[in-house]
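Below is one structure, written out as structure tokens, with a few remarks after it.
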Amino acid sequence: MPEPTKKTVSAFTKKPKTQTAEIGATVIFEAETEKPDVKVRWQRDSKDISSSYKYTISAEGNMHSLAINNVVQEDAVGYAIIAGVSKVKFELKIKESEVKEPQKAVSPDPAVAEPKPKETPSAPTESLAPDTSGTVSDGVAPESLPESHQPDTRQDLTGLFTEKPQSGEVNVGENITFVARVCGESLLKKPTVKWFKGKWMDLASKSGKHLQLKEHYDRNTKVYTFEMHIIAAKANFAGAYRCEVSSRDKFDSCNFDLAVHEARTTDGFDIRSAFRRTSISAGGKKKMGEPGSSTDAGEDSGELDFSALLKKRDSFLKTGPRAVHVSTESEVDIWEILQKAPPSEYEKIAFQHGITDLRGMLKRLKKMKKEEKKSAAFLRKLDPAYQVEKGHKIKMQIEVANPDAEVKWLKNGQEIHPTGSKYIFESIGNKRFLTINNCTLADDAAYTCLIGEEKTVTELFVKEPPVVIVRNLEDQMVMKGERVEFECEVSEEGAHVKWEKDGVELTRDESFKYRFKKDGCKHVLIINDVTKEDCGHYRVKTNGGQSLAELMVQEKQLEVYQSIADLTVKAKDQAVFKCEVSDENVKGVWYKNGVEVKPDARTHITHIGRIHKLTIDEVKPEDEADYTFVPEGYAFNLSAKLNFLEVKIDFVPRQDPPKIHLDCMGRTAESTILVVAGNKLRLDVPITGDPAPIVVWTKGEKGSFKEGESRPEPRHTWTVKNGEVLTDSHGRVHVESTKGHCIFTIEGAERQDEGVYSVIVRNPAGEDTADINVKVVDVPDPPEAPRILSVGEDSCIVQWDPPLFDGGQPVIGYVLERKKKKSYRWMRLNFDPYKETTYEAKRMIEGVAYEMRVYAVNAIGMSRPSAASQPFVPVAPTSEPTGLCVEDISDTTISLKWRAPERIGSAELEGYGVEYCKEGSDEWIPAFKGLTDRTSVIIRDLPTGEKMQFRVRAYNMAGPSPPATLQQAVTIREIMQRPKIWVPRNLRQTLIKKVGDMINLVIPFQGKPRPQVTWTKNDEPLDPKQVSIRNSDTDTILFIRRSERKDSGKYDVQVQIENVEDRASVNIQIVDLPGPPQNLKVVDVWGFNVALEWKPPKDDGNCDITGYNIQKADKKTMEWYTVFEQYRRTNCVVSDLIMGNEYVFRVYAMNMVGLSPEPCLSKDSAYIQKTGIMYKPPSYKEHDFSEAPKFTHPLVSRSVIAGYSATLSCSVRGIPKPKITWYKNKMDISNEAKYRMFSNQGVLTLEIRKPCPFDGGVYMCKAINDSGEDVVECKLEVRPQVTKEDSKK
């Protein structure tokens, strides 16, 4: 007998195990689930993994696998696989291989890669270099390396690149390929890649026979591959290259180098071989023509590579063993030759004149041409670049020299023609405008304005606005197995969005669990056959916003509202089995004695809404059986039995009195029948009597008469005879009498149909009467609009009143729904009736406005919804205010201050409430009515000497926060504080003011109670007419509106509390203009000189004399000329006077205010006599102050963070002032817009605006003057920014 199987606890029948692998290998983990098509998740360090270039995830039936490609040391972590509630953990370990000496990179040069053969007298043969086509890594094709030496493409993969292009080497004429890979899994659109040579040369426009750019996308790994193929490389292809990738707001770049080697030649150098024509062989390699043989003309026939020739010639001159003869001919101006020559002749001229640094010379020539050449056609050119948002318009402007000049506008080299309203050309005077309306991404291009042969170029960047969500997602509550659609609307058609569930991105899996639909601006997430595992928060993201919604899934529980009942019917009667279930979508099957019932002419099966019926017409004896109804998908059934009743009628030829056959007979008997409003009311009363009696139906009010009282007049009466049918005018009431039955039917019973129905049967043999009490029950009335009692961070408490009318049946509970205010979708909060009238709704989003409504439920059904509640926003109270402390206190007041709460939440802070109570009491008294917006308050009218406790609470729409309370009670009593004067720093020195200035001295002090303030000047009281004093609790002010000389002096201020005092002094000096000097006289006259002497002025203006101004005047003209200014001494010699003239002199005194109003004039004049003596001044050799530049402070290497501007500084000296030039990697950056250069007193500064990683390098500063030059350099490293996610890792 086989062993019974045990119940499997785990969802996996085969679990992945820990493995060990070497670096660079591929590891595969496999797992097998118990059931096929189970959704599993793979995790790395508790984070979900999705298929990418690194990871390959596959699922086939119940087999699941994870492949980790190109294993590195960082992959040695913990992994896990999750299916449902089962989780299996495993690890990947890295095997430490033996340390081997690293293999040297294979040089593409055959002379280096192969051992040198022994010299033979035979002519050397040309050795062919290996083909280096393919991906380059350190000059070696990866296919040629063993697995353990494959290039590590992980280095510096901090941006978008998953593999960066590597530097490489190639021989002239050979091919090479550079490869860059970008993972597109996290990108919303295809990335843009640009290839550059040097710093700015975009290679996209250089594609041709020597350069090809290719790209392709792998849909399985979601990796973009970009390739740059260099075909038949030339020597001038060597240099620095850069690859840039960008995708919306993300950017990354990588620098790499290409080295191009010349083909090896023999030791001898033949200068003529450099002039031989070259051709490309069929193998794609360039060969030199052999002596004496002709070469076939190819694509490059006729080309002379002068740049290669210059290098050979330079090498030949340096290393050649023979002596070099240097020409002594007169020096030729190479600059003049180059300026006049066409660019195609530059290399030829350089060769003829021995120039080896042609590139540097051409750069300097380009600058010279820029300086000399001024545009004759343009007065104002286009700006270097323009930027405009998508959908807006941009206007470009130029100014032309000739108003009649014809202007052409080009876009990417193609002429623009005015078509519609897209492009508008305007001409106003000398100005020309190009307006581009409704800019799109297609307008992002280079634009050129052309006048004759002159042009100006600019670039237009179209900025795409962020995609925002116009209509948010809606919360949904569904039943298990249903289909769910989350729908949102964004601001732009065709926009890319990302869907997430609980923070994990959703993708299309094999079972099509999730489907994504896009219709214009609408985006829909479709979830088929939802289960309990699909519960959670679903988020849609764009580059400009996001929206969150919750999905709740309820299990289906089918309820039976009405079961089928046993039936007993007579022959040829109708049998109806009827049942009602809670779900109108549930189908079912009817069985007769276990055999499924099929519809036929007598048997009818109907399903209308929640009601299922089995109807059998003209019942026969064979129809007697057990009938069963089985709902589909549920493990229960409803059963009933059909009994066949044979009626044997014996004919008695006599009259019988009429008889009503009800359960309770008699005139006072009542039978109560319940009918649901809207349903059919059918009263089928069995009657007997011979002959057939007349039936009279009457309706009265319930309880309208009592036993023993006379019956009141009926409100309605219906009388029918046997076989008649009576219908009222409205068609609702049908009365029918047949043999053995009288039937009273009301279609669609209403509340007013409730009452007592009496049936009276009469025939000649007598009559009989019966009363039937009919009660119409209905769903209850809707409750009043609910009230929101309080709200929390993600919840609220709602209350409502019971409905005014319960529908005739007691209310068994309530059903609540909520919706977002701007939404139209209501979401049910409970499925089972809730019996209380207060409910706490949870799981709402803080800061979002909601509305609530309520349904009342009784045994009949659910009422209409109540009116919606007032909108409310779930918010939590703020945290308590911080830093509550006492700022000041007196006998009846206290000043409190505090800081705002640390957490305010999404609701706006309404204000603060302050309360106080006596120590030992719990009765908190508000300090003032309402709330205050300030974070400080003064509470007045407090009892002196009492110990009081204070607290502050912050209020928002959710209510008060927890209180911030003082640590201990405070006694309301003013604290004695020693008086102290705080003299401002500017008043600790003598205050100097000019006559007429206003003086306003503010001297703060402290002290409690309020001190007495006293001012004195030079120990005497102040004159209140001249000086005003104003005092407050914290400072004193001395004010003089218009100062005079007499206001100078020492001012003392004293603050005193009882016997304690403090003093301070302030010195004020009022200054004025000085008086004139005294006693100016001519002391001596000789030659062309006059000696003067004078005395200081009597009035110095209350400050020191700073100097004198001496002036002279010829007596003939009396025009005054200044000889000396700010002269310090009281005597001087006036020289260089003119022979034969007579002079007079005057002197002004000067102080810090200015010159004296009046001068002092000389009483005597001085006459310069004529003489025959000629004065010959001695000759002096002029001193040479020139000095070669020298850096006194060098540049310092720095490491900066990308995105933050950086500066490099150094200092230099030299006479004359040297010319400064800045270089980066030996490239002149003086005219680059990214850099700004400053020079201040020999201090040189280079500012690099917002550097990015490729701005790193070697920066050099060069100073040149006529005496020499000096150079200083440093290294700059630009580190990428570290994001929060990186810091967490």
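Cβ atoms here come from the backbone N, Cα and C positions, even for glycine.
For 98-155, the entry in TrEMBL reads region 'Disordered'. According to TrEMBL, the compositional bias 'Polar residues' annotation covers 122-136. Positions annotated as coiled coil by TrEMBL: 355-382. Look at TrEMBL and you will find 388-451, 465-559, 658-773, 979-1067, 1189-1277 tagged as domain 'Ig-like'. Residues annotated as domain 'Fibronectin type-III' in TrEMBL: 782-878, 880-975, 1076-1171.
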(request) Check the domain 'Ig-like' (388-451) for me and report the mean pLDDT. (result) 87
(request) Please work out whether the domain 'Fibronectin type-III' (782-878) lies in contact with the domain 'Ig-like' (979-1067), by counting C-beta pairs under 8 angstroms that are 6 or more apart in sequence and asking whether there are at least 3. (result) no
(request) Work out, from DSSP, the number of helix, strand and coil residues along the domain 'Fibronectin type-III' (1076-1171). (result) 0 helix, 53 strand, 43 coil
(request) Mind tallying the domain 'Ig-like' (388-451) by DSSP state, helix then strand then coil? (result) 3 helix, 33 strand, 28 coil
(request) Summarise the domain 'Ig-like' (1189-1277) by DSSP state, stating how many residues are helix, strand and coil. (result) 3 helix, 58 strand, 28 coil
